[in-house]
Amino acid sequence: MMRWYSRRFSRTVCLWLAFISVTLHLLLVALSPFVYQSSCKPPTSRQTHPYTLRALAYTNDTSTGSDSHASHANQAKMPPDARKVDPSKMDTTRHHKITKMDATKMSTEIGNGPSSPVNMGDRIGRSGSMGSGLSKLDALFSHPLYDVPTLPIPEEDWLMRIKPKVTSGRSTQMWVSDPEIDYDPAHWNSTSDSQPPWLRFHLGISRRQLYPHRDPNMPSLIQQLSKHRIVSAVQKSGGTQLKLVMSFPNYGQAMLKPMKQERDEESNFNLYYFSDFERHNAEIAAFHLDRVLGYRRIPPAVGRLVDVVKEIKDITTDHRLAKTFFTSPVGNVCFYGQCSYYCSTEHAVCGRPHELEASLAVMLPDPSLAKRHSWRSPWRRSYSRSKVAAWETDSQYCDTVKKTAPYDKGTRLVDLIDLTILDFLMGNMDRHHYETFEKFGNNTFLLHLDNGRAFGRHSKDEPSILAPLEQCCRIRRSTLSRLRLLSLPQYRLSDVMRESLSHDPLFSVAPLLSEPHLLALDRRLNVVLQTVRDCQRSSHERGSQTTDPVSDATTCLVQSRHTEMLCDV
């Protein structure tokens, strides 16, 4: 009897175990498709959509930030149905708004209250170029504060356009030149492929800038300046020091400034700013710094080794210049031209024995085609050995300037402060005038021309250059955001400048700026940021109703980047 009960109990247990086993197998079979799908599902288009790429570019720079700042990055989300969007038909306007929102919120975080470069590193992130695989310069130019989507430019905002036809019946879409000695026959039409680089540069100038951020014409333009055959060399009239106008076979022209002293040689401390040498490497470095700051208001300039005999003396038609050539006692070919300063045998420019270092900057359109207006700077120095200017003794001088046209409206004042910051970083005290294109009236950028007296001293800063910023306490928000970005380790100004200058042809001879000059850029950048913090602190101390030196100065610029030149401050 006991054996029968034992067998029955064993059979019952076996049946239950079999039932449980079958049930578990059925559950596994039922759940296996879902488990497989979730573990091996390929990424959707959402992860590679341009909206998300833009958000990721911003998130990578804010991943280690505070919770409040991270929440801003999380708000830069793409549309819910993004996976169904065709990137080729993406709404560029909406893309612009999303990018603008990211950059604006970032700049708002950067612009609020005092902060140090160390704090900014914590708030914006430490990923830098090391993690992304990009160089610091490439990472900087890929940042949302620089790589802003471009919108169509209205016809009236172009400096020069090709007319489709004329009343005489002859089309101006085609230039045909008569064969001339040393010049190439010109057969250019309205297609950019047929136009030489210098003409594409002229046709690319707009109300906003001299050239776009990602300019496809820049490599060929640099190649022309540094390599093309020179067919003519004449001295440029006007100015205080020797400059030459060089012409190329395709009718392009460039301004040449010769090497007069070694790169490491500092300016004599006993010299007045208006008596200092102009430096060829300063013109080149100024172009690179202007581009790194995101201004794009200096014409492209490159270094070049010029043969004094073959490329100047033998081809010049300038009789005044031709009379000044001579051979030095050691066999170097020299010349000195005719000008107000340093044009004598004691200050001659000499080759080694024929090779001469020089900077070549592409010429702007002829004034007969695009007139320029010259403006006297309100903070112009006295250019006297015994007198000082009004702004040097009146701390409230900016109040008068802000009531005077064209500084009483528009962005002219913050444009001038942009130029002030550039000059302070370079140590340039010689900014007595600036220019604009007449076609655009007062609503346009300032041309940052004639920078030869920059980078003269690295051991001493000149705080008086910052007088407009200190007295007015106004700065464009986008400028401040980029300056703070350049103070971070992953975008350090000296590093990106060193890399940018290494692409110049003269870098094979020697670096364009010595290390002390590059380190001085970082030091001076901190001075600019400290000046802004002082302005913000004094503004807060005077009361909440006082104008914010950052936000109020550029509210319209943040709201509409593509029309920033048309906004009122």
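Even glycines carry a Cβ here, placed using N, Cα and C.
Predicted automatically and left uncurated, TrEMBL annotations should be read as such.
Values in this document were obtained by computation on a predicted structure and should not be read as measured data.
What TrEMBL records for Asp430 is active site. Taking all protein chains in view, 18 other C-beta atoms sit within 10 angstroms of the C-beta of Asp430 (active site).
Per TrEMBL, the feature ATP binding site maps to Gln241, Lys257, Glu278, Ala361, Val362, Met363, Leu364, Glu435, Asp450. Take the CB of Gln241 (ATP binding site) and look out to 10 A: across all protein chains shown you find 19 other CB atoms.
For Glu278, Asp450, the entry in TrEMBL reads Mn(2+) binding site.
The annotation compositional bias 'Polar residues' is assigned in TrEMBL to 62-74.
Among the features that TrEMBL reports, compositional bias 'Basic and acidic residues' is placed at 80-93.
Sequence annotations record features per position, and here TrEMBL assigns domain 'FAM20 C-terminal' to 325-541.
Look at TrEMBL and you will find 62-93 tagged as region 'Disordered'.
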Span of the ATP site, taken as the largest CA to CA distance across Gln241, Lys257, Glu278, Ala361, Val362, Met363, Leu364, Glu435, Asp450 (Å, rounded to a whole number) = 20
Which one is it: of the binding-site residues Gln241, Glu278, Val362, Leu364, whose Cα lies the shortest distance from the Cα of Asp430 (active site)?
-> Glu278
Reported mean pLDDT - the domain 'FAM20 C-terminal' (325-541) = 94
For Asp450 (ATP binding site), which residues in the same chain are close in space, meaning a Cβ under 8 Å from its Cβ, but six or more apart along the sequence?
-> Asp430
For Glu278 (ATP binding site), nearby residues of its own chain (Cβ under 8 Å, 6 or more apart in sequence) | Gln241, Lys257, Lys260, Gly452, Arg453
